[in-house]
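Asker: Pasting a structure here, questions to come.
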Amino acid sequence: MVGNRPIKFRILELCNGGKWNYEIVEQIQKEYGLKGNFQRDSINFDIIELASGGMLKDVEVKVDEEGIYKKGFLLHKYELTDFGKIRAADACLMYV
Amino acid sequence: MDLKALKKQEHQKRVKYGYMWALFCAVLWGLWYIPGTTVWVLNPFDEMYGEIAAGSGDGVALIIVAVLITAFNALTVIVALAVWNGVLGKFGEMKRTVKEFHPCSKWFFMASIFGGPMAILGSFIAMGFVGGAFAAVAALMYPVVGSVLAQKWYGEKISKRAYLGIAFIILGGITIFGGGLITELGSGNVAWIGYLGGLMAAAGWGIEGAIAGKGLDIAEPDVGLTLRFLGENIIWWIIIVPILAIVGFPMFKYAFMAFEPLTLMVLVFAGITFGFCYVSWYKSFPLIGVGRGQGIGNLYGLFAVIFIFLFFGDVPAWTILLGGALCLAGSSIMFSEDTGEMESLRGD
């Protein structure tokens, strides 16, 4: 059952334990078969939208020194907020 | 650069993009009133108006014609959006989203009820009965509805400064709205149904924004918006237009006549401006919040007045200029807000 629900649902699911944005993007690209930089940025924008919507919060930030994602830019580690858990539960995702 | 500075820079960039999208929305939305006003005098709509008015009176004729125009508007918008989603490669995501009816697409279909038969129909009625400039500024009140609903319903934060900006915008709207009304009251001939259309637009768009925000939380804006217009097309073309045809209005006769070059071009212009104004509108919400997105989008009132002046040469009354200035002031107040301390737009 991979890659058949809306991308943002899956992002919420992945962030339950806390995850770095480049890890999320990589996994989503793989699961949904989305290739290329445009899709990569598009997925990252989904994460940003979820964060500014208050469903994710960044718990850790570091500068991308080695260019894992984009060199010189920030990498964010996200975790689900309480509000995010409620919204995820509305979307029938499994959380305690 | 240290981490803190980078973080601040990134946040500011995000907010800047949100405001940029909202401003795009305002320009496109303002442009929409050009085809929206023009289409009324084009055939088959002009002819249709004449035929229905002869049998059922002016008021009924206007509403029925407005329904057909709004239905065509929805149709050209969805064509524009289909192209947009095709280019972005989002049809797969659309399929995934539409299947999630309960948590997600339900909200977009609900938003289409308030956005379509309430807000857009109301706007066309106001354009037909009172005029484009009026229709544009009458709807300026919608951020009040939107902001209050968003705050009460899902606890979106609205800062004191944003309240002040919204207050200015509303004051501007009232000045423009009241100015036209007082002039008409003086002449003893008030097109009440047109003013009702203006109110429908304001309330409809405010409610739509707040409802759509609920589904947008967890969906792609481009996809959500297309579903919202899919809903509107269903409402018009599968429910309302056939019902009106069964009741005896010549809906399909004139619908088929709309496929002539000039009319079609104007309708497509309406579809493109309106479709992309919605794209930008929805994109701004997750970045700066429904209240602020709507507040900046509100500059469309001013743009509409300017465009109508440029295209039709209608010189606006002083009340419109004063009101427009107030709207601009209000939006600037919201614009200059320091969002640094606002990490998230919502409370936990």
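Even glycines carry a Cβ here, placed using N, Cα and C.
Given the structure is predicted, the values throughout are model-derived calculations rather than measurements.
These came from TrEMBL, pasted as-is:
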TRANSMEM  B:21-42  transmembrane segment
TRANSMEM  B:62-87  transmembrane segment
TRANSMEM  B:107-127  transmembrane segment
TRANSMEM  B:133-150  transmembrane segment
TRANSMEM  B:162-183  transmembrane segment
TRANSMEM  B:189-213  transmembrane segment
TRANSMEM  B:234-256  transmembrane segment
TRANSMEM  B:262-281  transmembrane segment
TRANSMEM  B:293-312  transmembrane segment
TRANSMEM  B:318-336  transmembrane segment
Asker: State the non-local partners of the transmembrane segment (B:133-150) in its own chain: residues 6+ outside its ends, Cβ under 8 Å from one of its Cβ atoms.
Answerer: 30, 33, 36-37, 119, 122-124, 126-127, 156, 158, 162, 166, 169-170, 172-173, 176-177, 180, 194-195, 197-199, 201-207, 209-210, 213, 289-291, 294-295, 298, 300-301, 304-305, 308, 314, 316, 320, 323-324, 327
Asker: Between the transmembrane segment (B:107-127) and the transmembrane segment (B:234-256), are there three or more CB pairs that fall under 8 A, provided the residues in each pair are separated by 6 or more in sequence?
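Answerer: Since 3 or more Cβ pairs under 8 Å link them, the transmembrane segment (B:234-256) and the transmembrane segment (B:107-127) do come into contact.
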Asker: Is the number of Cβ-Cβ pairs under 8 Å between the transmembrane segment (B:262-281) and the transmembrane segment (B:62-87) three or more, considering only pairs separated by 6 or more positions?
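Answerer: Contact between the transmembrane segment (B:62-87) and the transmembrane segment (B:262-281): present, because at least 3 Cβ pairs are under 8 Å.
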Asker: Which listed stretch (B:21-42, B:107-127, B:162-183, B:189-213, B:293-312) has the most C-beta pairs under 8 A with the transmembrane segment (B:62-87)?
Answerer: B:107-127
Asker: Take a look at B:21-42, B:107-127, B:162-183, B:189-213 and tell me which one has the most Cβ pairs under 8 Å to the transmembrane segment (B:293-312).
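Answerer: Maximum Cβ contact count belongs to B:21-42.
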Asker: Of the listed stretches B:21-42, B:107-127, B:162-183, which one has the most C-beta pairs under 8 A with the transmembrane segment (B:189-213)?
Answerer: B:107-127
